[in-house]
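J.: Please read through the structure below; I'll follow up with questions.
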Amino acid sequence: MAKLLKNGKLLEKDGSLQNKDILIEQDVIIKIESEIPEANHEVINVGGNIILPGFVDLHVHLREPGGEYKETITTGTNAAARGGFTTIAAMPNTRPVPDSKEQLQWLNQRIEETAAVRVLPYASITVRELGKELTNFEELAGEGAFAFTDDGVGIQDASMMLHAMKEAAKVGKAIVAHCEENTLINKGSVHEGDFSERFGLKGIPSVCESVHIARDVLLAEATGVHYHVCHISTKESVRVVRDAKRAGIRVTAEVSPHHLLLSDEDIPGIDPNFKMNPPLRGIEDKKALIEGLLDGTIDFIATDHAPHSEEEKSESIELAPFGIVGLETAFPLLYTHFVEKGIISLNELVALLTSKPCEVFELPYGTIQVGKKADITAVNLDDVEKIDPTTFLSKGKNTPFVNWECKGWPVLTMVNGEVVWKKGGEVQ
Ligand SMILES: NC(=O)N[C@@H](CC(=O)O)C(=O)O
Ligand SMILES: [Zn+2]
Ligand SMILES: [Zn+2]
């Protein structure tokens, strides 16, 4: 039976909201009109809420295999569905790492059996992400690797990166880079700046990230590969990416909601729920990230959802792992702090979470159109709620945004024509 989404308001390109019904046959949108008769369709009433393309998050840690106590493919994708995300890309810093055909086959099978939303698996650049030996890019691409990354660690060796880029270019895949120079980390757990000085903590300097980006854009120029920068965080990094784009180098970048919303000035005290990699930088960095997002230097937003157990996050600031969760709070936070405050339009925010990442990685998702997959998120823009980690479907409760009051919460998420989540918490 075809499904009919009724009573939804579609966000048009000019920013206006139009009452539209959407007819879905199997997993595809077959008709969008102001009034489609109910006939014998299965009617899904979206109750006057706004209808958006399902959100796309190309930077998510699902932790399975090996870290199931932090998150599983099931819990992580349920969290994605609750956050309105219909397609996510899974980072490979798992145990084992998807660095071989067999591991990637296993992962794809597991995704097929247990994921609530579409999951695109990354493969690693180096074997076990150890930075010593390249993986077999051709084999991994053949097995459906979305792109290549060693997220969690930087590629230290320039010649390793050069060879990785050449291999990635050959198979037509991107190199997605966690940029961190090990000799500059300084054993820090926060940004090297006012906060680290005030609290007498070791700090990670901005150059720890930006020197890798500067090196890599030149390597990207030499190889012609699509080079994508993960979780960009410093003003110098933004400048390097801007200049590289101007020079015609094929570089793209993502930024996380937390780096757009917070700087080290906002850290209330020593608290591992404010510890992530890269760290929250200075206020000038935050401003540069927003400016970079507005002028197109930064291409899209990705959460870097990084769940950890409460036990791990209760360790000292030095010992607690880096990372915070993001899937269930991204849209309400960004809507409240950027759209409601008039910094960007709703259309722009939605594009940064949907069509932009899809354009960058040539994915056929991220828009609501006849003939496309029915990946749809309905959002109640008037709903005001406080962020409460005890309600998260993610196993990870590690967020710095506890009790933040936000407006604009997802109410229904559909992937491939199937409702996978509905407000009230019930997972479909
Ligand atoms: N971002 C983080 O702070 N942590 C990530 C690793 C990463 O994204 O580099 C993790 O896997 O926990
Ligand atoms: Zn990373
Ligand atoms: Zn990450």
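Cβ atoms are placed via backbone N, Cα and C, with glycine included.
Copying in the features that TrEMBL gives for the protein in this structure:
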DOMAIN    48-237  domain 'Dihydroorotase catalytic'
BINDING   HIS59, HIS61, ASP151, ASP304  Zn(2+) 1 binding site
BINDING   HIS61, LEU62, ARG63, ASN93, ASN277, HIS308, PHE322, GLY323  substrate binding site
BINDING   ASP151, HIS178, HIS231  Zn(2+) 2 binding site
ACT_SITE  ASP304  active site
J.: Just how many other Cβ atoms lie inside 10 Å of the Cβ on HIS178 (Zn(2+) 2 binding site)?
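T.: That number is 24.
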J.: Between ASN277 (substrate binding site) and HIS59 (Zn(2+) 1 binding site), how far is it from one CA atom to the other, in Å?
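T.: Roughly 13 Å, rounded to the nearest whole number.
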J.: Using the recorded Zn(2+) 1 site (HIS59, HIS61, ASP151, ASP304) as reference, state which further residues of the same chain have their Cβ within 8 Å of the centre of those residues' Cβ atoms, listed in sequence order.
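T.: Near the Zn(2+) 1 site, beyond HIS59, HIS61, ASP151, ASP304, sit VAL60, MET91, GLY152, CYS230, HIS231, ALA302, THR303, HIS305, ALA306.
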J.: Just name the most isolated of the binding-site residues ASP151, ASP304, going by other Cβ atoms within 10 Å of its Cβ.
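T.: Candidates: the binding-site residues ASP151, ASP304. Fewest Cβ atoms within 10 Å: ASP151.
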J.: Consider only the binding-site residues HIS59, LEU62, ARG63, ASN93, ASN277, PHE322: which of them have a Cβ under 6 Å from an atom of ligand 1? Write none if no residue does.
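T.: So the answer is ASN93, ASN277, PHE322.
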J.: Ranking the binding-site residues HIS59, HIS61, ARG63, HIS231 by other Cβ atoms within 10 Å, which is at the bottom?
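T.: Counting other Cβ atoms within 10 Å of each of the binding-site residues HIS59, HIS61, ARG63, HIS231, the minimum falls on HIS231.
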J.: List the Cα distance (Å, whole number) between HIS178 (Zn(2+) 2 binding site) and ASP304 (Zn(2+) 1 binding site).
T.: 11
